[in-house]
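J.: Dropping a structure here in structure tokens format, bear with me for questions.
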Amino acid sequence: MSDTHAQTVPFVRDTMLPAAEPPIREAGAVRWLRENLFSGPVNTVLTILGVLVVWFLVSHFWDWFAHSVWNAGSLSECRQIIAERWGEGARGACWAVIRERWNQYTYGFYPSELYWRPTMAFGLLFLALAPVLFSEAPGIRRIVLGTTTVLTLGLMVALGAPAAWLVFAAVVLIGGLVISERQVSLLLVFSILYPLMGVWFLWGGSAWGPIMVLVGPVLGWIAWRVLHPVSSLVAIIAALVIPLLWWIGYAGEAARDAEGILSLSIPAVASDRFGGFLLSITIGIAGIALSLPLGIVLALARRSDMFLVKSLAVIFIEFIRGVPLIALLFVASLLLNYFLPPGTNFDIILRVIIMVTLFSAAYMAEVIRGGLAALPKGQYEAADALGLDYWKAQRLIVLPQALKISIPGIVSTFIGMFKDTTLVTFVGLYDPLKSMSDAVRASTSWKGIYWEPYIFVGFIFFLICFGMSRYSMYLERRLARDHR
Amino acid sequence: MTDMSAPANPPFRPSMLIYDRRYRSMTFQVIVFILVMALAWWLVNNTIRNLAALGKDFNFGFLWQRAGYDIPQTPIPYTSDDTHFRAAVVGLLNTLIVSILGCIAATFVGIIAGVARLSNNWLIARLMTVYVEAFRNVPLLLWILIVFAVFTEIMPPPNAFRGDDPAASMILFDHVALTNRYTAIPTLAMTNDPGSLDLGARITFNWATIAFVLVLIGGWFVRRMIGAWAQRVQDQTGSRPTTWWMSLAVMTVPSLLLIWFFGLHFEAPELRGFNFAGGLNVQNGLVALWLALTLYTGAFIAEIVRAGILAVSRGQSEAAFALGLRPGRTMNLVILPQALRVIIPPLISQYLNLMKNSSLAIAVGYMDIKGTLGGTTLNQTGRELESIVLMMGVYLVLSLIISAGMNVFNSRVKLKER
């Protein structure tokens, strides 16, 4: 072989050639365009179509957005400003309506001197949620709680909150921040107390009502501690029955008596003053908090071995899933009075919350049932093999895994329920979307304004729902335990 | 070893009802049963007492009284002199119309958007992501109101179409007119009308419709027979005869013959006086509701379709190509059967959701069953209990029918295991 090359001039390059520039078609933006937009005839046509759609949208709506007016007292004034600035016949968005009616959209018809109360309740909500939502992420928790503290206190000052309540909010929020740095699980106590506190802040009235409600479980716990040495069965029954009896029989009277001895009242606000996002968020949060536990119970009941329990759960779930939420809301507003003892008449928001909770609990149950079914059978058998009883097996082994699997479904049920809170408009409550926008349009100054209120409310809903879905993705990543 | 028999059952003691697992579930169920019965008794008893206190009874006799209100859009003949029952049926049919139209359109939109979101084309994928996220994260009611407002606020009034140089013009080759009160669409007309079959109660079916339905069903059966024959030939000889042209002919030729026989043609709406006539003037409530439901549910279906396609691993299509299947058959025989298995169950619940969401028709004044039975009838007769119970029963039955039908389909496409 060496002969063949014997006569050739040996040439070995001893330095590397500098890398040649890639052809223009294969580098930079051109390459990206070629690969992502014009990789074939079909793709090219699609791209052109897409560009046309975008162009259509921009050409039709850009001038409307560009000519936004934020400062005006009425629609006619708005149009006048637009005509002055951009010439006769120019179109423009009149966001001034949002600016002027901001309080109405946020608080509904809540008394304006008490706006600080829902604001404080909303701020404290984040403190109550912190140990549940951000228990394992100190960085995020610090940011969330810090921002909440600053914003809540700032807003309360701006809204003219009394000094005593400012101090209260500051102590709770800053104290909560400090506690969360030491041991975040301690905040769970606050999370448990929060619902009663929130109800009291929103509706006002005597503080003894929520306190007496709280006394029920305390009495039950005392009964359990006292009777436990005697018989565990009697203790459990007593711990369940005594709070019920207390609530039905004595709580109301005790609250009235206590109020007579020592008045702990803040001004009461009736349910018909609620409206706007305050109403949506109240119903949404209450529904979310109540429907998850109810959904878990229903899902477990539907997978139970006990025939009666199982069939009751199936009937309930299928019934609720088979009818529209509007029908259930009409049941709440029209029929509930038929089903309760004559003369009872309870709050419309509470009725709506009950119906929304039942509705989303049925969907939740199906989502969680999917999670339970997806769990390998070995997990159940392992729990049995360890000798755990039913509730311990569910609590320690089955549910943590099943709930983790069903997080996306649970969160999309939450999102669906939050969106459905707009349907309360049909039972005469002031939701931000329809009733509030109608109310705004009913005034002479904003007659005929359609797009701006809808776009504004839609944008807020989008932010909240999109935020929830992003949080569920974060949670999924955080809880992922498998190695991929 | 001989005495290793099963231990004798211990004598029954009452405490075993709680501590023995064999009896505990029975005890628990009995307690639940008693509690549920007590609750039911309490509710029924309250209802009876409340009704008595109000001087009302519980009967459905009001359904046969004169309704006395008009319904703008009626699929079957209806006047205000008809009964509440007929009004409820009209409402039910309206619900069905918008639900079925919505399901069909949403499926198309969803499939297109779901596939497009997976496209290699950067722009199209981003546009579809924006569409899906925008519609999924905003309440349906908002979309219904916005679409309705587009129709009522932006579309021109009917008389804008008048004159030699009209301010507005019809779209789709002068066949559809979008106005601020209704959408005028063409109707089907026949030059050779065979008359109608009268079912009584002023419900009629045109013989031509019946003929078309029969021909289509017959064609479908013949197509299946052709398929079975092709399968037999393939089993025997190993080569499958080309059948697509036979199937196509069986499905289309009889229909085309019927169209020629009856002289079927479109009759475009035209402006006569103040309004469009000749075509069908569809109430904007229906169009807005239909569009909004389609786009909203379409966004959800897009996500379902996308998840279904992603669920089929790449190895499946590669294996199919390695076996020498052509792309069309790969899609039909390998990818779709597996993707459908993932897609169908959530798709069923989206159809159910669409049907239930159509009750938002009250926001745009479209008279569905919520608007007739649960709205005007309820308000006029004051029969809340009966109306709402009946309405919920109707929705429940519809839901059960849809899910039963789709479950049958699902059991046919689902993976047969062991």
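The backbone N, Cα and C atoms fix where each Cβ goes, glycine too.
Caution: TrEMBL annotation is automatic and unverified by curators.
Sequence annotations record features per position, and here TrEMBL assigns transmembrane segment to B:26-44, B:87-116, B:137-155, B:203-222, B:243-266, B:286-312, B:333-352, B:388-409. Per TrEMBL, the feature domain 'ABC transmembrane type-1' maps to B:92-406.
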J.: Which range out of B:26-44, B:203-222, B:286-312 gives the transmembrane segment (B:87-116) the most CB pairs under 8 Å?
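T.: Of the candidates B:26-44, B:203-222, B:286-312, B:286-312 scores highest.
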J.: Near the transmembrane segment (B:333-352), which same-chain residues lie under 8 Å Cβ to Cβ, leaving out any that are not at least 6 residues past its ends?
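T.: Long-range Cβ neighbours of the transmembrane segment (B:333-352): 103, 106-107, 110, 297, 300-301, 304-305, 307-309, 311-312, 316-317, 319-320, 325, 399, 402-403, 406-407, 409-410, 413-415.
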J.: Cβ pairs under 8 Å only, please: of the recorded stretches B:26-44, B:137-155, B:243-266, B:388-409, which one is richest in them relative to the transmembrane segment (B:286-312)?
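T.: Ranking B:26-44, B:137-155, B:243-266, B:388-409 by Cβ pairs under 8 Å to the transmembrane segment (B:286-312) puts B:137-155 first.
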J.: Short question: which residues 6 or more past the ends of the transmembrane segment (B:137-155) have a Cβ under 8 Å from it?
T.: 178-180, 183, 284-285, 287-289, 291-293, 295-296, 357, 360, 363-364
J.: Looking only at residues six or more beyond either end of the transmembrane segment (B:388-409), which have a C-beta under 8 A from one in the stretch?
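T.: Beyond its ends, the transmembrane segment (B:388-409) has Cβ neighbours at 60, 88, 92, 95-96, 344, 347-348, 351-352, 355-356, 359, 369-370, 373-374, 378.
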